[in-house]
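Okay, so here's the structure we're looking at.
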């Protein structure tokens, strides 16, 4: 199973016609055995305190899956290994350090137990939880892979003894993007009339989730290229969910159909939406209130060497998307994929350095758009981050700098494996 240490592979093939403009379910692996960055092997411990490693998954959705890889107990490096709860993720903890006796069954979260998958291997356990498309949860759940009671001594050549202690691996899953009363649920029925032109027309809005429920096995010719960065779930229990992107780059009028495999007949579906207007952002080519984005200013007209254009998105804001137009020198060159983020040091000498926005927000659930002809960049944040963050991109021309400062508000003011997805698909399609 060294494939778990392999790099990220994003593969999805369930429905014919899925193309690169679709975002597929994300996979998150908390690998406490094979990943050298977070393994729980005994290491040098001079403080006596337990060293904690782990991963936080913030609001997974639409068939995203989380996998825990935990070493099995043995007489060497994992002598006192303990997985808590022992049946994770079929049961879970609401506090990170409670005991097995405090575990809660998955059904208490109103997630069916079949969404939890377990597989034993010779030297490790694999536990997977699949996040359903519809849920009403406001909880943070935990599972532990605890090797902290394993202690060893390493004798060096000079006779010195070095104390080694295992680490505590912690999985934290935040589930608070719930839908109290799920909307946009459409029951799709078949039409048996030959040549039928009846259509199910669905009006779309930015960021909303559309749920298609149908009876029986189906296949589709889905091919809506106009909708870029739409996230789509694994079709489970005759339910297919689609999250619309944070922006529509053009008017949408897309038709596709579901073909009912067993009983015959088709269902025609039409998606419609208006192009997103008035995206908040900074246009550094024209005066404020004009141009592609309304909050910028013309660099040639500013009095100082630099000025800041601030944009707010996220919780409590009107939008989860922001734009930037800069046909000049842009830093980082691939804004927003890369951003300037203030690195804080204990001595107070803070400095802005280049980071991946994925790393700053601790999520891969981010939408990126770029129009080379217009020198226009757009970023969309469909999932509210765990923490509020501020990032920058700098547009420079003739000695003048326009600084776009993007403030992303939170709700609280990664290895992806084809093997894991294959396991999920094979198990769920047995039902």
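Note that Cβ sites are derived from N, Cα and C of the backbone, with glycine treated the same way.
So that you can see what the record holds, here are the features copied from Swiss-Prot:
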DISULFID  30-55  disulfide bond
DISULFID  70-145  disulfide bond
DISULFID  88-143  disulfide bond
DISULFID  282-309  disulfide bond
DISULFID  326-395  disulfide bond
DISULFID  335-393  disulfide bond
DOMAIN    26-178  domain '6-Cys 1'
DOMAIN    278-413  domain '6-Cys 2'
CARBOHYD  45  N-linked glycosylation site
CARBOHYD  239  N-linked glycosylation site
LIPID     409  GPI-anchor amidated serine
SIGNAL    1-20  signal peptide
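Sequence features annotated in Swiss-Prot and their locations in the structure.
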| residue | record | Cβ contacts under 8 Å, 6 or more apart |
| --- | --- | --- |
| 70 | disulfide bond | 32, 33, 81, 83, 124, 125, 127, 145, 169 |
| 88 | disulfide bond | 68, 127, 143, 171 |
| 282 | disulfide bond | 293, 295, 296, 309, 311, 323, 324, 325, 395, 402, 404 |
| 335 | disulfide bond | 324, 326, 377, 393, 404 |
Can you give me the same-chain residues 6 or more apart in sequence from residue 239 (N-linked glycosylation site) with a CB-CB distance under 8 Å?
133, 134, 211, 212, 213, 214, 233
Return the count of C-beta atoms lying within 10 angstroms of the C-beta of residue 395 (disulfide bond), excluding that atom itself.
27
According to DSSP, which of helix, strand or coil covers residue 45 (N-linked glycosylation site)?
coil
Most Cβ neighbours within 10 Å: which of the disulfide-bonded residues 145, 393 is it?
145
Take the domain '6-Cys 2' (278-413) and count its residues per DSSP category (helix H/G/I, strand E/B, coil), listing them in that order.
8 helix, 61 strand, 67 coil
Using DSSP with the three-state reduction, classify residue 88 (disulfide bond) as helix, strand or coil.
coil
Same chain, |i - j| six or more, Cβ under 8 Å of residue 409 (GPI-anchor amidated serine); the result in sequence order is 312, 313, 314, 315, 316, 317, 384, 388
Alpha-carbon distance [residue 45 (N-linked glycosylation site); residue 30 (disulfide bond)] in Å
23
